[in-house]
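Undergrad: I'd like to ask you about the structure that follows.
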Amino acid sequence: MFMINVLSLIIPILLAVAFLTLVERKVLGYMQLRKGPNVVGPYGLLQPIADAVKLFTKEPLRPLTSSMLMFIMAPILALTLALTMWIPLPMPYPLINMNLGVLFMLAMSSLAVYSILWSGWASNSKYALIGALRAVAQTISYEVTLAIILLSVLLMNGSFTLAMLITTQEYMWLIIPAWPLAMMWFISTLAETNRAPFDLTEGESELVSGFDVEYAAGPFALFFLAEYANIIMMNILTTILFFGAFHSPYMPELYTINFTVKTLLLTTTFLWIRASYPRFRYDQLMHLLWKNFLPLTLALCMWHVSLPIITASIPPQT
């Protein structure tokens with residue numbers, strides 16, 4: 001694999017993330033009947049560039065009591081993992097075509113928990129630590145349902161490769177037979193990426209701004225980039241799993257356009273939800289998962305396991 005392939009994946013991701021921050025501020029602005037950023041460049045289009053310059057030219061301060069190595073490693077690890085998770089995504093062709101792409105993505109997203117934990121612990125601040133513990137509890141809790149939902153969808157798909165989902169959904173989106181799974185998946189992705197209404201890690205009133213409270217300038221920007229890269233990545237995964245775009249090898253551009261539009265709509269839904277809903281209480285968040293989602297997803301997983309076995313003897317319908 002050549003360096004150019006990696007760069008042609010990473011640079012567009014970072015650009016998309018930069019402009020997603022602008023889109024979010026604009027969308028939230030218009031939803032609150034104001035303009036949003038509109039000073040830097042035409043219609044505020046150069047705002048992300050100005051932000052990047054400002055953040056990366058500031059001095060990266062760190063608390064005297066912090067653990068230096070971990071404090072610096074955490075944001076680097078967060079961004080590295082966020083970018084690594086894009087490797088097996090078929091858009092329509094993945095960077096590396098893995099047999100167990102889904103498993104790889106789950107493993108990477110589990111590793112991301114460590115960056116949160118380290119940043120909270122290494123900051124040596126009580127607020128950062130509480131925020132980190134909340135974030136870790138939330139992330140690993142919702143990963144359980146994400147994994148089970150993924151398994152159910154892949155049982156319908158019949159293969160662990162993500163590219164196979166494109167073939168599976170040639171005639172019908174998987175959201176139609178699996179809509180309860182899709183709804184739970186979407187809510188779980190919101191919780192997994194620490195977005196409103198599940199942004200308890202950064203409850204301003206009680207925790208200042210969560211696990212990254214002690215970070216400034218560059219390292220803070222890395223956390224920010226990682227968070228938004230994860231948001232786009234989750235929406236891309238939702239598109240692949242439930243809204244499969246039609247892919248013809250003769251016109252791959254059509255797939256890309258189709259795929260991008262769906263991902264953008266889902267990302268806008270994320271922002272819309274942020275503008276509309278108040279934050280959950282922590283016990284409600286955990287009740288929703290362990291008492292509602294987990295039993296439901298387990299039941300649906302059993303259903304999806306038994307479905308191919310039940311229908312195995314039926315002659316093909318097409």
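Yeah, the Cβs are placed from backbone N, Cα and C, and that goes for glycine too.
Marked as transmembrane segment by Swiss-Prot: 2-22, 69-89, 100-120, 146-166, 171-191, 223-243, 253-273, 294-314.
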Undergrad: Hey, which of 2-22, 69-89, 223-243, 253-273, 294-314 has the most Cβ-Cβ pairs under 8 Å against the transmembrane segment (146-166)?
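TA: Ranking 2-22, 69-89, 223-243, 253-273, 294-314 by Cβ pairs under 8 Å to the transmembrane segment (146-166) puts 294-314 first.
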Undergrad: Using a Cβ cut-off of under 8 Å, list the residues of the same chain at least 6 residues beyond the transmembrane segment (171-191) that approach it.
TA: 138, 141-142, 145-146, 149, 152-153, 156-157, 165, 197-198, 234-235, 237-238, 241-244, 270, 273, 285, 288-289, 293, 296-297, 300, 304
Undergrad: Using a Cβ-Cβ cut-off of under 8 Å, list the residues of the same chain that are 6+ residues beyond the ends of the transmembrane segment (69-89) and lie near it.
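TA: Residues 9-10, 13, 62, 95-98, 101-102, 104-105, 108-109, 111-112, 114-116, 118-119, 121-123, 162, 214-215, 219-220, 222-223, 225-227, 229-230, 233, 236-237, 240.
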